[in-house]
Each structure stands twice: as structure tokens, then as C-alpha cells.
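Marked as ATP binding site by Swiss-Prot: Gly100, Ser101, Ser102, Gly103, Ala104, Gly105, Lys106, Thr107. As annotated by Swiss-Prot, domain 'ABC transporter' applies to 64-310, with the evidence given as sequence analysis. Here Swiss-Prot flags 1-408, 473-497, 547-550, 666-671 as topological domain 'Cytoplasmic', drawing on a curator's inference. Per Swiss-Prot, the feature topological domain 'Extracellular' maps to 430-451, 519-525, 572-644. Look at Swiss-Prot and you will find 409-429, 452-472, 498-518, 526-546, 551-571, 645-665 tagged as transmembrane segment, backed by sequence analysis.
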Amino acid sequence: MHKAPISTLILDSLFSNMMLAEMMNDDQLELLKHQQTGIQPVVPEGCNLYWSSLNVTGPETKPTNFVDRFRNNMPKRRVKEILHNVSGMAESGKLLAILGSSGAGKTTLMNVLTSRNLTNLDVQGSILIDGRRANKWKIREMSAFVQQHDMFVGTMTAREHLQFMARLRMGDQYYSDHERQLRVEQVLTQMGLKKCADTVIGIPNQLKGLSCGEKKRLSFASEILTCPKILFCDEPTSGLDAFMAGHVVQALRSLADNGMTVIITIHQPSSHVYSLFNNVCLMACGRVIYLGPGDQAVPLFEKCGYPCPAYYNPADHLIRTLAVIDSDRATSMKTISKIRQGFLSTDLGQSVLAIGNANKLRAASFVTGSDTSEKTKTFFNQDYNASFWTQFLALFWRSWLTVIRDPNLLSVRLLQILITAFITGIVFFQTPVTPATIISINGIMFNHIRNMNFMLQFPNVPVITAELPIVLRENANGVYRTSAYFLAKNIAELPQYIILPILYNTIVYWMSGLYPNFWNYCFASLVTILITNVAISISYAVATIFANTDVAMTILPIFVVPIMAFGGFFITFDAIPSYFKWLSSLSYFKYGYEALAINEWDSIKVIPECFNSSMTAFALDSCPKNGHQVLESIDFSASHKIFDISILFGMFIGIRIIAYVALLIRSYNNT
């Protein structure tokens, strides 16, 4: 990456038409001031992108249920052809639109060109940039991809999001903080986001924020910060009205006119939007039916016997003509074949074929010294614009903002902890140490573990699964390392998982009348912190392994409830059947409960009422005289205090490592 003056990154014309349409806001005045400076838009020259003989196959059906995935006698799934011998090109300084009906293959073609979402697909063929074969790392280095669905961390403002992206995508090696900040402000102005720059992006049904149109513009702003040579857009007008859609495509056309290579897929463009395309690629049944200037497609269809009716949207006519009707599939296939043959018989069609064949030969014979390094680049050694430390700091900042701003992450949890702690403290208020209250005191300690587990563990799962798609997308875009994200998020969230357990323990410990010693209180706080963090580690692991909120929330209690049952409160260790004792060894409830019980009962040397002369001989024999006898009655040993703490700490670290490995595997599969 070579440093260029920040002025060369200015795209003054981008979204200027959109701004002029918003006459009632102050952003137009900012844009006019910006234009009056006389700075001309300078965009890095784009690339000529070629794809040759692309063939893509994939499974026709997925396993119908969980059992079918593991049945030995499951019939082999049939394979279907998704793309067949697809060749084409996207020229520098041109806007290419890929059109077709549902199932035509346009989304698959976009995925192949961007090297994304290709799991379970067999892809054959080659992609070249300016005549040189390009792997997925080269494509991602030179391009940006605006995906159909906007994904953001909703607790950040528009400006903060762009500052975050600029810090990671522009890097700290080539640009100073001042240059990055200047670029962010320029893009905010160009995108018409000045008036909402300090508005939070928003979380659906939780936190009100930007509108759909503003989020779409923010998506564009995120991707063009570094002015990529190639811009891919998947359904850029999705969710926008016709007026705004026209201005979005006009903005893309402006980018192309200034030298960028722009490729989009689009669904049912209006006639105005269609007129903005330099070239169109019409697809049907996984084949390219036409590739060339948009204004030459309608005459070709007319020549083949399918004229466009008067006053009819040409894009609708082209797509409807190439649509496959299941009730009359033979006629549809005949129409598609006739138009394709008509296109191939033209000079334009022959030139497309010739370019495809030439690039196929070039790709087959392409060997250079520089290509060797590209072939060895993998997910684990790819290059990033920002250093690990810069990535960590930026991700920590974003995660911290999420913690303090998300209503479900702090305020609700704090209120929940306070209410539960005070209710527990009132129920067990100043419980005395007597033979009759031994079970109550043990219940206080087990409640410590159970309450902190269920109050924080289960609500944390949907928070992680909601953020996971954002992380996977940003990671696939090469914005940051998986390790930097995981470390930053864990450290940013750790303070609340220290403060909340201490707060709960402080209220319950002193209100319920547990052993009144400061060091015993500190040890109980330590155990509560460890139990909480083991529980959170499990939520991390389950969420990253299963990724789906419903599945994760179903699996979690299946694991946690049996572990809790063998925690030592409901059944003693000696009473557990031998074939279930291993569950007790895995129970973090058991280690936490034992540590708290030792902390309480080991300090109690005498239980006075057990020396009452009025008690019967049988009652005296069964009455524990001190805390050690209480521990023996529940199969706990006072010598296990440090051992229990060590096991809990080991579980905390070990399960976090499992969660990280699961996230790493998921990130790898998503690249």
C-alpha cells in the first residue's frame, strides 16, 4: 500500500445528487461549501477484472434433519450445476450491473468474484486482474464489498464507526491520526451523514438510531474510506424507495466515471436506474445470456423476436423474458437458448468469447515469481493495514462503548443484581449458626453460585450471537485478526464480571450474617468472581460453537442443569452413582460450592446448641459440634480450598480457549 496525499482520496461528487435532493437539511450547505473549494475528485484508477470459464457445482439438497447427517445409509446427495462456463469482464471506469431472475446465478457469480460464501461449492475457472491471475487475497486487497444487509455495532455513532474503520483500514503506518480524521469528516459530508454523525446507529427493537437509508449510506462510507480500485455491491438499492435508489446508483456511476471499476447485482431496477448502467450482464440458468452495453440489449432481444412493448421498463422486459417458468420450462429454455445464440452470433458476442478464451489460456500458463508469495498467503498469515496493537486498542474501544451503552449489558444487569441480592439478603437476614439453620446457610452459598450463573450466563448468549455475524464479516474483509477481537472483547467485558459479583456478594454476605471476617468476605468475593467468569466462558463457547441463538439457548441448559444437579447441594458426592461421578468432577458448581462452604464452616469452631444438655442422646450424636463436622457431613474436605480455586481458574481459562478456537474455526470457514 503506497501513501498518497489525503487530497487524492477526496470523492467530491459522491452522493452530491443525493445531497441536492435533501433540500431541507443543512448537509446541502456543507456540500456546496465543499464543492466551492474547487478541488476536483481524484479516484485511483480502477482495474480490468476478467473471469473465465467459471463452473460452480453444489449439493442440490441439504440434510433434512439432524439424524440424516450421521446415518450411514443416507443416500448420496445429488449435485447440481449453478454456473456453467461463465466468462466475462468488468472494465475500468465502467459500471457493470448483473441482472437476472431468482435462481439465475447472479448471487453465486458475485460470491465467486469476491471469493465469499463458497462453502460446500466446487468452483472451477479463473479470475484475472489486468491480465494477471488473482487469488482471493489479491481480490480482497484491491476491492471492497458492500453487502446487501447492513451490519453495525448499534451502540456506536456514525462518526465513531467511521473512525474505527479508518483506524483499521487506513492503518497507522501510512496515515496520521489527523489525516484519518480528516478523511472521516470528508466522507461524512459526501454521504450526507453530517446531521446524524453523532447519532447512534441503533439496535432493532432496543435502541433507536439511524434510518435504513442512513445505514445504507454508512455502509458505502465504510467501504470507500480507502478508495478501492474495485467496488462490489450486492443489491445496493435493497430497502430503498425508487427516488433514493436512483441517487445511490447515480453515486456508483459517478465513482465509475472517475475511474473505479464498479460491479453490482440489482433486483428490478427502474428504467432510470437501468439507463445509468454502462454495461449489463444478463444471466439465466447459470449462464451468461448477454454481456455488453445496456442500450444494446433491447435491440438484440427485438432482433431475436422478443421486442420490448412501448412505455415498458426495459429492465423488466429483459428479466421477464429470461425467467424460467416451471409450468412451461421447455418454452423458457428454448427462449433463453435462442437469445444466447443470437448474442453469440454478434460481433459483441464473439469478442466476449474471444476474450474469455484468451484469458483461459493466459490463466493456465500464468507463472511469475511474484505469484508464488500470493499462493502461500493464507488466513493465518494474511497482511493487515493496522498492527496487532492498533487493532486491539480500536476493538477494545468499540467493545467498551458497547458495554457502557447497551441497555442490556450494564443497566439491566446492574438492576437485576441489586434486586436479587437484596431479596436474598432479606430472606436469609442474619441467619444464626444452629443445627436447624445449617441447611439454610448452605443454601445461601449454593444460591451464590446458582444466581450469578443464571443471571449473567443465559442473557449473554444472544449478545454474542448477535455480534458474531458482524465480526465474521469484518474478519473476512481483512479488517482485523480474530485474536485481536477476542482478546479485546474479553478484557473490555471483564470489569463488569468482577464488579457485579463483588456487589452481589457484598450485599448478601453481610445481610445474611455469614462469618463476619473481612478476609473470609474477600475469599467469598473471589469465588463468586471465578464462578461468574466460568459461567460467562461457557456462554462464549456455546455461542461461538453453535452461532444460532435458538440452538445455543437450547443446548446451554442441557449442559448446565445436570452439572448443577451434581454440585453437592442436592446430592452428596458419596451418594452419586458411580457412572455419574464424572459429571460431579466437571461441575463448576461443585468446586464453587465446596470453596464457599470451606470458607464458612472451617472458621466455625463450635456450634453451641449441639452441647445443650436438654437434647436427647441420639440428637447429640447426630448434631455436628463444629464446622469441620458439617463439611464431613456433605462430603467436603477443608484441605480442598486452594484446589477448588485452582480448578475454577483453570476452567475459566480453558473454556475461553475453547471459545476462541471455535471462533477461529468459524472465521477460517467464513473466509
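Residue numbering: from 1, along the chain as shown.
A Cβ is built for glycine as well, from the same backbone N, Cα and C atoms used for every other residue.
Sequence features annotated in Swiss-Prot and their locations in the structure.
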residue: Gly100; record: ATP binding site; CB count, 10 Å: 25
residue: Ser101; record: ATP binding site; CB count, 10 Å: 20
residue: Ser102; record: ATP binding site; CB count, 10 Å: 10
residue: Gly103; record: ATP binding site; CB count, 10 Å: 15
residue: Ala104; record: ATP binding site; CB count, 10 Å: 25
residue: Gly105; record: ATP binding site; CB count, 10 Å: 23
residue: Lys106; record: ATP binding site; CB count, 10 Å: 26
residue: Thr107; record: ATP binding site; CB count, 10 Å: 19
Summary of DSSP states over the topological domain 'Extracellular' (572-644), given as helix, strand and coil counts: 50 helix, 0 strand, 23 coil
Long-range neighbours of the transmembrane segment (526-546), counting only residues six or more past its ends (CB under 8 A): 448-449, 452-453, 456-458, 460-461, 464-465, 468, 493-494, 497-498, 500-502, 504-505, 552, 555-556, 559-560, 588, 592, 595-596, 599, 644-645, 648-649, 651-652, 655-656, 658-659, 662-663, 666
ATP site shell beyond Gly100, Ser101, Ser102, Gly103, Ala104, Gly105, Lys106, Thr107, criterion: Cβ within 8 Å of Cβ centroid: Met283, Ala284
Beyond the flanks of the topological domain 'Extracellular' (519-525) by at least 6 residues, Cβ under 8 Å: 448, 501-502, 505-506, 509-510, 595-596, 599-600, 603
Remote residues contacting the topological domain 'Extracellular' (430-451) - C-beta distance under 8 A, at least 6 residues beyond either end: 420, 424, 504-505, 508, 511-514, 524, 527-528, 531, 564, 567, 569, 589, 592-593, 596-597, 600, 604, 607, 609-610, 623-624, 630, 634
Remote residues contacting the topological domain 'Cytoplasmic' (473-497) - C-beta distance under 8 A, at least 6 residues beyond either end: 116, 140-141, 144-145, 147, 151, 165, 168-169, 382-384, 386, 388, 391-396, 398-400, 402-403, 409-410, 413, 456, 529, 532-533, 536, 656, 659-660, 663-664, 667, 670-671
Same-chain residues near the topological domain 'Cytoplasmic' (666-671), Cβ under 8 Å, at least 6 residues beyond its ends: 119, 136, 379, 468, 471-472, 475-476, 482, 544, 547
Residue distribution over DSSP helix, strand and coil in the topological domain 'Cytoplasmic' (473-497): 18 helix, 0 strand, 7 coil
Secondary structure content of the topological domain 'Cytoplasmic' (547-550), with strand meaning DSSP E or B: 2 helix, 0 strand, 2 coil
Long-range Cβ neighbours of the topological domain 'Cytoplasmic' (547-550) (under 8 Å; 6 or more residues past either end): 461-462, 465-466, 468, 666
Model confidence over the topological domain 'Cytoplasmic' (473-497) (mean pLDDT, whole number): 94
